[in-house]
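*Asks:* So that we are looking at the same thing, I have put the structure below in structure tokens.
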Amino acid sequence: MRKMLAAVSRVLSGVAQKPASRVLVASRHFANDATFEIKKCDLHRLEEGPPVTTVLTREDGLKYYRMMQTVRRMELKADQLYKQKIIRGFCHLCDGQEACCVGLEAGINPTDHLITAYRAHGFTFTRGLSVREILAELTGRRGGCAKGKGGSMHMYAKNFYGGNGIVGAQVPLGAGIALACKYNGKDEVCLTLYGDGAANQGQIFEAYNMAALWKLPCIFICENNRYGMGTSVERAAASTDYYKRGDFIPGLRVDGMDILCVREATKFAAAYCRSGKGPILMELQTYRYHGHSMSDPGVSYRTREEIQEVRSKSDPIMLLKDRMVNSNLASVEELKEIDVEVRKEIEDAAQFATADPEPPLEELGYHIYCNDPPFEVRGANQWIKFKSIS
């Protein structure tokens with residue numbers, strides 16, 4: 001009898017030590033998956049497009065929610081650090097566009113490739129880098145993903161080729177990466193992203209032509225957030241049907257605020273490229289909450305009411321949250337716990353990013369050359385000992 005009472009006491013004391021919300025979540029039975037209807041994509045030169053229904057598992061839903069919430073909180077922390085003058089220089093935030101970076105990653109393989117423009121923080125995270133490495137790069141510290149030398153626009157990870165500062169210049173590079181995939185006989189694709197502001201660049205159309213001519217496994221992706229700096233798409237383009245811009249290249253127009261739409265469209269586009277049919281073009285209709293960059297308040301060319309309307313009706317995190325709660329894939333309490341954990345992760349990363357030392361002056365020339373080639377090959381001044389170390 002005493003042993004039984006002791007065992008019961010241990011069980012009850014263990015429950016008492018846990019927060020009530022955790023006990024409630026642990027005892028609740030959730031659905032393993034749910035089927036959702038998603039918006040049909042507009043098609044160009046395609047007879048069939050991505051499915052209009054999709055299955056979301058509880059595991060994937062929780063993962064997507066955590067990732068989008070992490071990107072959102074990371075960008076808000078970057079905004080705070082910039083206003084405190086801890087982050088300097090160019091800084092472009094992507095809050096509001098989380099469904100794009102998380103949804104694209106959900107539709108490809110880790111071995112696939114991705115290159116984008118300067119609004120790159122979210123993609124850097126979804127490609128596998130930690131919040132610590134990203135925030136430390138923003139603050140110019142040694143622990144940053146580019147050793148503190150790249151900043152906001154020049155971050156890199158495995159199979160992620162940046163952050164590129166020149167408008168539209170990454171698109172021919174993306175076609176080149178796709179060429180390498182085909183040349184090496186690899187079943188890989190390259191996601192090549194650019195914004196609506198870059199969509200009128202001539203080099204993009206040249207890349208279209210070469211990719212179609214050589215049937216490269218390249219997914220050209222226009223992130224249409226409706227404004228190129230402060231210019232609306234209607235004032236910048238004679239045709240705002242960016243998914244048709246490839247002309248001879250098939251295209252999709254996708255709801256870029258819905259992570260499930262983005263995921264299914266990406267899977268469809270990747271399968272198209274892997275089949276050897278050549279490139280395909282995706283237009284993601286999305287929206288950024290911040291201005292173009294930190295120097296742009298974002299309300300001189302659009303109203304606060306417009307921004308608030310998008311937040312209230314189309315926010316990608318809220319859309320996923322509502323779906324999961326209403327389909328018994330998760331509870332409000334469980335998602336709140338994730339929010340708390342994400343905030344703590346961001347705060348810890350921010351402390352690291354402000355306490356980590358800056359790179360010393362003697363390391364200014366490090367990481368320029370690969371495999372430490374001799375001076376006569378690199379053509380450098382003999383008295384400047386540039387080094388290449390990893």
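Just so it is clear, glycine is given a Cβ too, placed from its N, Cα and C backbone atoms.
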*Asks:* N225, Y227 show up in Swiss-Prot as binding Mg(2+); which entry in D187, D196, D258, D315 does that record put in the same site?
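*Replies:* According to Swiss-Prot, the candidate sharing the Mg(2+) site with N225, Y227 is D196.
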*Asks:* Compute the centroid of the Cβ atoms of D196, N225, Y227, then list the same-chain residues not in that set whose Cβ lies within 8 Å of it, in sequence order, for the Mg(2+) site.
*Replies:* G195, G197, E223, N224, R226, G228, S232, V233, Y287, R288
*Asks:* For K336 (N6-acetyllysine), what is the secondary structure state per DSSP, taken as helix, strand or coil?
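*Replies:* In the DSSP reduction, K336 (N6-acetyllysine) maps to helix.
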*Asks:* Would you pick out, from the recorded positions K63, H92, R119, K244, H292, the residue whose Cβ has the largest number of other Cβ atoms within 10 Å?
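*Replies:* Sorting the candidates by Cβ neighbours within 10 Å, the top entry is R119.
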*Asks:* Rounded to an integer, what is the Cα-Cα distance in Å between H292 (thiamine diphosphate binding site) and H92 (pyruvate binding site)?
*Replies:* 6
*Asks:* List the residues of the same chain that sit at least 6 positions away from Y227 (pyruvate binding site) in sequence and have their Cβ under 8 Å from its Cβ, in sequence order, or write 'none'.
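*Replies:* Y227 (pyruvate binding site) has long-range Cβ partners D196, G197, V233, R288, H292, Y301, R302.
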*Asks:* By a simple count, how many Cβ atoms lie within 10 Å of the Cβ of S293 (phosphoserine), its own Cβ left out?
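*Replies:* S293 (phosphoserine) is surrounded by 18 other Cβ atoms within 10 Å.
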